[in-house]
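Asker: For reference, the structure I am asking about is given below.
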Amino acid sequence: MEGLVVKNYAGFYYVDTGKAIYMCKARGKFKKDNIKILTGDRVIIRELVPNSEGVIESLLPRKNELIRPPIANVDQVLLVFAFADPFPSTELIDRLLVMAYALRLEVVLVFNKFDLVNPESQKLFEYYKKILPKVVAITARGDTGIDELTDYLNQKISVLAGPSGVGKSTLINRLVPGAKLATGEVSPKIKRGRHTTRHVELIKLPFGGFIADTPGFSNLTLPEMDKLELQSYFPEFNQNRKYCYFPNCLHVKEPNCRVRELLETGEIPPFRYENYLTFLEEITSDERSS
């Protein structure tokens, strides 16, 4: 019987077969062969107690695997930020975008708390909407943008990530009535929320698909990559690199650089270029130290 591991907790694996959720142990061969079963894995189980307990017999091939958070077979990442309270960090948005694209994952960028939108955050939202295929404004405590978001989530395994206090748990409670996840209110003193998620669990969406509220991405170190690779994760840089004089242009000091021309005319905002330079320096430092 095939199923999906939706939770790995206290030595038990909870496997959703579509008809029931089985509490399972894994056969000894997995430990012997040092094979770790992750949330998101598709497995074959043998039923021990009808619709209740089973044993994991085999692990099906993975499409992908994330280390932090430890989860397999992810289709896309939902990056959740807020229009305000807390105001979005563009450095964190861009860092998470690069990390997701480097892992070959699709991205849905969500701006929550639309009721708190201000001119500055609206401008940010509009720019990202121009350069990315899936950007949506929502109010997790209301209806704004929820239909559009459910279309993106339908029949996919999605990982939820973003800073604390932006409404990730509130969003899951909105999408899955009865989930009753703890919510982290924003501290008025530091304008950040309390972390409320302890382990990785896939929550079944009523309209199809699964969503994980994760404790990560706790490690925000960029994955290993070549300097030239970085710009491929900045769509507006990647689209214009062919117009640069040098084919291997890094858009730093090279003459006749199309990206820097667009920066000067305001078509590329300074924050995007500054974040690109920050990441490029990180990659360069890593190359020097290796």
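For all residues, glycine too, the Cβ spot is worked out from N, Cα and C.
Copied straight from Swiss-Prot:
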BINDING   ASN112, LYS113, PHE114, ASP115, GLY162, PRO163, SER164, GLY165, VAL166, GLY167, LYS168, SER169, THR170  GTP binding site
BINDING   CYS244, CYS249, HIS251, CYS257  Zn(2+) binding site
DOMAIN    63-220  domain 'CP-type G'
Asker: Can you figure out which of CYS249, HIS251, CYS257 (the binding-site residues) comes closest in space to SER164 (GTP binding site), comparing Cα atoms?
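Answerer: Checking each of CYS249, HIS251, CYS257 against SER164 (GTP binding site), the shortest Cα distance is to HIS251.
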Asker: Which ones are near HIS251 (Zn(2+) binding site): of the binding-site residues ASN112, GLY162, LYS168, THR170, which have a Cα within 10 Å?
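Answerer: Cα within 10 Å of HIS251 (Zn(2+) binding site): none.
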Asker: For ASN112 (GTP binding site), which DSSP three-state class applies?
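Answerer: Going by the DSSP assignment, ASN112 (GTP binding site) falls within a strand, counted as strand.
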Asker: Around the recorded Zn(2+) site, report the further residues of that chain (criterion: Cβ within 8 Å of the mean position of the Cβ atoms of CYS244, CYS249, HIS251, CYS257; site residues excluded), sequence-ordered.
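Answerer: Checked against the 8 Å cutoff, the neighbours are ARG241, TYR245, PHE246, LEU250, VAL252, GLU254, ASN256, ARG258, VAL259, ARG260.
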Asker: Over the span of the domain 'CP-type G' (63-220), how high is the average pLDDT in this prediction?
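Answerer: Mean pLDDT across the domain 'CP-type G' (63-220) comes out at 88.
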Asker: Rounded to the nearest Å, what's the C-alpha distance separating CYS244 (Zn(2+) binding site) and GLY162 (GTP binding site)? Just drop the number here, would you?
Answerer: 34
Asker: With an 8 Å cut-off on Cβ-Cβ distance and a minimum sequence separation of at least 6, pull the same-chain contacts of CYS257 (Zn(2+) binding site), or say none.
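Answerer: The list for CYS257 (Zn(2+) binding site) reads CYS244, TYR245, PHE246, CYS249, HIS251, given in order along the sequence.
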Asker: Which number gives the other C-beta atoms within 10 angstroms of the C-beta of SER164 (GTP binding site), all protein chains shown included?
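Answerer: Result for SER164 (GTP binding site): 17 neighbouring Cβ atoms inside 10 Å.
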Asker: Within 10 angstroms of the C-beta of PHE114 (GTP binding site), what count of other C-beta atoms is obtained when all protein chains are considered?
Answerer: 20
